[in-house]
Structures are given as structure tokens and as C-alpha cells.
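Asker: Starting off with a structure, shown below.
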């Protein structure tokens, strides 16, 4: 590589200037700033230097700077954020909207001046005349700067070279929501920013003493959420292009349950209670009990579909999904209870009809003068709850819970065992269903509100 002789140009302490001369074989760039002949490029202070680009039309600057690393001094950017408003939060798209005033402060020795005025309040048009950090928001999906009625930007310059640059932004930022405990969930929505092109050894971000402040929360549009608090952190991201300082603000939000209690929890609970009404309706009222059971099941299906519309299509089960599913199971079980009751009672009525048409005596006189003997090991059994007699096979082990099959024609457990009459399933259900649903609610609410 051939380089031209080093030439240093003196300039006034203003913006850095570069002079380029193209002679067909060699491109030489000279740069200088201030009387100290130092140059601030991309936020880094360099001593006098000369960069040579090899001939042949190459456009990269590889190997140009002659051992500049020992002169590098990173520019420190002090940042502060004033939160004007947060919201709304969009759980379907997993993003939130925030309106902020973003302030950055740094020192630029080229902008020092001697004057009786210690502070200059410059017009926003001067922003394009000086070097400013290339800060960008890493988790932003859409950002808008405010331009009405004039650009909402502020630029202040102190005599010692201190620069403060403030602007107003509205940002739609990503916020990954973990909805396992929905709607009793809490989230920390981040707002991340860093330099786009300058790594850690060129620009370093720091928080000011009062780094993050918030406005009056009464006018925030959080709706389903309540603002709990915030915290700010700094970290370093390691990428292929270098190490970058990342500044993050976490906004802690807690979901309000009022909307979902009114729209989902109370209606589902009332539908479950309504399904229990069939236990007090006569078992012979088939149309009434069937229509009530089907109506409650279809209503629960509709409520389940509506409750999912306010959520993204996640693959895991949320707390609300669990509650709605259990309510659906209770309503469906109430319908199945009557189906079981109707099936077994109708079977027993059919058997009664058949037995009444058969010979009424299953006994035979073996010889005159003797008492009746039991035939086929069959013993008569009388059910006090019904107006007819039926038999239970002696010697058979009636092991089914509902003793209503051929092995147990009486519809009850044998002697010395607990009687479980099919006709009393409704009576048992009146106790079992409310008790089970109450225990489920106790475990559900204690678990999600206090334990999980």
C-alpha cells in the first residue's frame, strides 16, 4: 500500500470536515477538528491521523488507520426517559404503546465556545448540523416522532461542550406475554434501546440520576391492566459486529380481573348452577330435562369460544381455559346423569312388564304337606321404594356401583351392603355436584391467587 505524505489541515472548532482528492490511483482523506487537531468520528476521539485507501477502486477502509486503537476514548451518552403515557396493551399482537420524552446528553469538545452566555437554546433545525448518537429502540415495531405543530425536538448547548438532545416519541414495542395464569397474570414489558452502529468501545450509555420519571397515571389508557412499577437496567449484547450497550426499562403491569369476572367467570358459574336444576325435575319429564341439559352445554360452548377471542392463539392451557373447561365438564356430566338415569329406569320398567306377563309363581310343591322351596336358588326381595317386587339372584356377587343389571335385578345392593337405588341418583347428584364444584373453586382461586 502506498500512502501520500501526511497533511494536517487546521479548522475552526466546528463540525469535522473531510477533504477528499481522487487522482486515479490513490484516494487520500484528511480530517481535523479544533485547534488541538483532534477528530471526533462516530463518537470516538482520534488523534491526528491519515487514512489511505489502496489503488484499484477499493472502497473499504481496511488497514487505513495507523494504530488508532490506543487513542480511542468512548463517548459517554447519559440518557433519561420521561413517560408521558402507557397503553393500550394489545395481548393478541403482544405489543404495547408508549409515549415518551427521550433525552440524551453528551460532551462534544468541538462545540465549546467562550461567551458570557453559558447556555444556548438552539432551534430544532440545528439537529442536522451536529453529530448526534444513532440511538434506536431494539424491540420497537413502529415508532413515530411528533411534528405538529413543529418538530417536537429540543437542543441545548453549554459553553463547556455539553449537548442535550430531547425529542418526543410514540413507540409500539414488543411485549412477550406469558398467559399461563391469565387473567391473573403479571407482566414486565421492556423498552430497549442502544446504538445502531457504534459498539461499546465507541459509545457507552449511562443512566442519569433521575433516569426514568412518569406522568400522572390517571390519564393512561391501560384499561385491563394496572401499573405496578418500573425498573431500569443496562446490559451488554455480544454480536458478530461487536459488543453493544443495551439500556432497558421494564414496566411492571398487573391485569385487572373485573372485566373477565363479569364476562366469563360469573356466566360460566351460573350456567353450571342452572344445569343442576334438572336434578329437581321429575325423571319422567324427558323433554324438559333433555332440553335443559342440551341448552346449558351449548351455552358453555359459546362462552368458551368467546373467552378465547381476547387472547392470542397460544398452544398451552391458561387459567381461564381450565375454569371454562371444568364448567363445561360439569354441565355435560349433568346431562349424562339424566341419560344414565333414564336408561336404567326405562330398562327396569321393561323388565317389570315382561315379568308380569310370565308365570307369577317360581315356586313348586315338591310333595304335599311341605312348605314351598326355593327354586334355582332364587330368593324374593322387596323394595320399599317401589310398588312392585323383584328378585336378586342369591349367590351372585353384585359388584357394580349401580346394581341394575341381570345379576342384580333388584336395583340395589344385596343384603348387608349399602343400597344405591337407581331411582335415587338424582338425590345423590344434588349433593355431589355442588360439593365437587365448590371444592374445585376453593382449590382454583387459592392456587392461582396465592400459590402460583
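Backbone N, Cα and C atoms are what each Cβ position is placed from, and that goes for glycine too.
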Asker: Looking at the candidate ranges 410-430, 431-451, report the one that TrEMBL labels transmembrane segment.
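Answerer: Going through 410-430, 431-451 one by one, TrEMBL flags 431-451 as transmembrane segment.
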Asker: May I ask for the residues of the chain that lie six or more residues beyond the transmembrane segment (431-451) and have a Cβ under 8 Å from a Cβ within it?
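Answerer: Sequence-distant neighbours of the transmembrane segment (431-451): 181, 184, 269, 272, 276, 279, 319, 322-323, 326, 330, 333-334.
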Asker: So what's near the transmembrane segment (322-344) in sequence-distant terms, Cβ-Cβ under 8 Å and 6+ beyond its ends?
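Answerer: Same-chain contacts beyond the flanks: 264-265, 268-269, 271-272, 275-276, 278-279, 283, 286, 289-290, 293-294, 296-297, 299-301, 303-304, 307, 402, 404, 411, 422, 425-426, 429, 433, 436-437, 440, 444.
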Asker: Specify the count of other C-beta atoms within 10 Å of the C-beta of residue 189 (disulfide bond).
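Answerer: Residue 189 (disulfide bond): 23 neighbouring Cβ atoms within 10 Å.
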Asker: Over all shown protein chains, what is the count of other CB atoms within 10 A of the CB belonging to residue 175 (disulfide bond)?
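Answerer: Result for residue 175 (disulfide bond): 21 neighbouring Cβ atoms inside 10 Å.
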